[in-house]
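The structure appears below as structure tokens.
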Amino acid sequence: MSTEPSRQLKKSAVGTSGIVFFVVAAAAPLGATLGAGPVVFAANGLGAPGMYLVASVVLLLFAIGYAAMSRHVTSAGGFTAYISLGLGNRTGQASAGVALFAYNCMLLGLVGQFGVFARDLVSHWGWDVSWQTLAVVALALVGILGYLEINLSAKVLGVLMLAEVLILLVFDAVVIVRGGADGLDGSAFVPGNVFSGAPGIALLFAFTCFLGFEATTIYGEEARDPRRTVPRATYVAVVLIGLFYTVTTWAIGLAHGSDVRTRASEDPVNFVTGVNTAFVGQFATDLMQVLVVTSVFAVLLAFHNTLTRYMFSLGRGGLLSVQLARTHHRFQSPHRASVVQSVITLIILAAFMAAGVDPFEQLFAWFVGLGTLAVLVLQAVVTVAVIAFFRRRGGGPLWQTLVAPLLGTLGLSVGIVLAIINFDVLIGISSGMAFLLPWLIPGAALLTLAAASVASLRGRTVDLAASATPAITTAPETAGACSTEEGNLNDRVKQPRC
């Protein structure tokens with residue numbers, strides 16, 4: 001038996017439902033509803049549910065091309081592998097830096113949010129525990145789960161995600177059955193209401209509620225039958241998330257009635273919990289306060305797993321240390337990447353704690369806002385990469401390989417412009433910091449390109465596309481079509497073996 005360390009993730013470890021649990025948990029349905037929901041209503045009023053529907057359509061267009069490419073490429077590198085194959089290795093290297101930066105920002109910001117929510121929760125039980133202590137405990141648990149096999153994380157996320165979704169679905173059902181405050185109506189979806197008020201801010205915050213669903217592809221190497229599982233999970237995730245937010249915000253609007261915009265502006269903290277108490281009861285609201293903490297914990301675990309798989313893939317591709325591309329002999333998890341990621345997060349968090357940074361108004365607001373913008377940029381670049389990939393190699397329905405990705409690019413570009421214009425609103429500050437922070441995104445790209453150049457000068461090959469594997473035969477599916485060789489993906493795409 002070989003004593004060489006494994007460089008393979010656990011095969012056939014998760015199915016469609018497991019991947020959906022990971023990415024829906026990352027979207028934090030309960031946390032996003034309580035956090036971003038009031039902002040969307042304050043900006044958009046009655047038309048907020050319609051704006052969530054608009055965001056759903058844009059991201060579904062993105063998902064069409066993304067899923068089409070996932071049938072041809074399987075990689076734990078997600079965005080970076082797709083961009084490398086579509087737009088070239090150097091562009092892929094730049095995107096790797098942006099991806100690591102984006103998801104680390106999300107993780108750091110959400111750790112701050114978790115610390116605040118958990119501190120407030122335990123204080124109601126009479127315990128005085130600092131947010132710093134609770135944040136460190138959460139990161140330790142996340143690191144342990146990330147170290148162990150993926151099935152355990154999927155089960156934990158499945159339970160937590162179902163609980164937070166269920167409590168909001170109960171609220172939705174009660175409000176709809178009782179007819180809300182003023183009766184059922186569809187005014188939330190009338191274009192005049194959807195695009196009223198400040199639709200740009202509303203659309204931007206609606207986009208933030210979907211962050212995480214794009215991570216379906218990073219589990220391709222661990223999925224059962226990735227050719228079918230990953231595209232199916234991508235579609236299921238974006239449709240479920242979109243329907244959930246649309247229906248739930250519609251119910252919230254019905255519960256508040258015609259003055260919903262005023263209520264969202266005047267009391268955002270109790271905007272959702274107040275009507276939940278009125279329609280469902282105090283017990284449901286007390287339970288909601290517990291589940292919002294577990295919701296944020298689920299997001300931490302989901303983004304930690306995303307980062308460890310990026311690090312694993314980048315180690316295999318030569319951009320990071322090859323040691324990160326080793327997997328556990330028993331769990332077949334990227335355990336070294338999990339440990340390194342946990343240490344990095346703890347060190348950065350400790351620095352912010354020492355500096356006295358506010359966990360919510362600064363750590364959460366700044367970093368989640370910055371991460372949101374970076375992910376939108378990556379999504380837009382990926383849609384361009386999908387178009388380039390299929391234009392170069394040919395094949396595939398025009399709707400999936402050109403039209404939908406092009407429309408998705410346009411929609412995401414609007415989101416990026418809105419994020420830049422309204423970045424001060426997104427992060428909650430109006431100082432020069434709002435102008436400076438977005439420049440960290442191209443800075444991360446340039447830093448990664450420099451690191452890749454140094455690695456190449458030292459004789460190390462940095463090829464992020466080569467670490468990907470084909471999900472299916474890339475030759476045309478016709479009678480007598482050739483099978484493909486194992487090895488470098490670029491060779492396999494171009495050189496079928498008969």
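Cβ coordinates come from backbone N, Cα and C, glycine included.
Please treat TrEMBL annotations as automatic predictions, because they have not gone through curation.
These come from TrEMBL:
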- 489-498: compositional bias 'Basic and acidic residues' (COMPBIAS)
- 19-391: domain 'Amino acid permease/ SLC12A' (DOMAIN)
- 477-498: region 'Disordered' (REGION)
- 12-30: transmembrane segment (TRANSMEM)
- 50-69: transmembrane segment (TRANSMEM)
- 98-117: transmembrane segment (TRANSMEM)
- 129-148: transmembrane segment (TRANSMEM)
- 160-181: transmembrane segment (TRANSMEM)
- 201-220: transmembrane segment (TRANSMEM)
- 232-253: transmembrane segment (TRANSMEM)
- 287-307: transmembrane segment (TRANSMEM)
- 339-357: transmembrane segment (TRANSMEM)
- 363-390: transmembrane segment (TRANSMEM)
- 402-423: transmembrane segment (TRANSMEM)
- 435-457: transmembrane segment (TRANSMEM)
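Tertiary proximity for the transmembrane segment (363-390) is limited to same-chain residues at least six positions away from its ends with a CB under 8 Å from its CB atoms, namely 62, 65-66, 68-69, 72, 79, 82-83, 85-87, 91, 95, 98-99, 101-106, 108-113, 116, 207-208, 211, 214, 352, 357, 396, 401-402, 405-406, 408-409, 412-413, 415-416, 419-420, 423, 426-429, 433, 437-438, 440-441, 444. Counting Cβ pairs closer than 8 Å and at least 6 residues apart in sequence, the transmembrane segment (287-307) and the transmembrane segment (402-423) reach fewer than three and form no contact.
When Cβ-Cβ distances under 8 Å to the transmembrane segment (201-220) are tallied for each of 12-30, 98-117, 160-181, 232-253, 402-423, the top count falls to 12-30. Only pairs six or more apart in sequence are counted, and the transmembrane segment (129-148) with the transmembrane segment (232-253) gives fewer than three Cβ pairs under 8 Å, not enough to call it a contact. It is 232-253 that, among the stretches 160-181, 232-253, 402-423, forms the most Cβ pairs under 8 Å with the transmembrane segment (12-30). Same-chain residues lying 6+ beyond the ends of the transmembrane segment (402-423) with a Cβ under 8 Å from its Cβ atoms: 57-59, 61-65, 200-201, 203-204, 207, 369, 372-373, 376-377, 379-380, 383-384, 386-387, 390-391, 434-435, 437-438.
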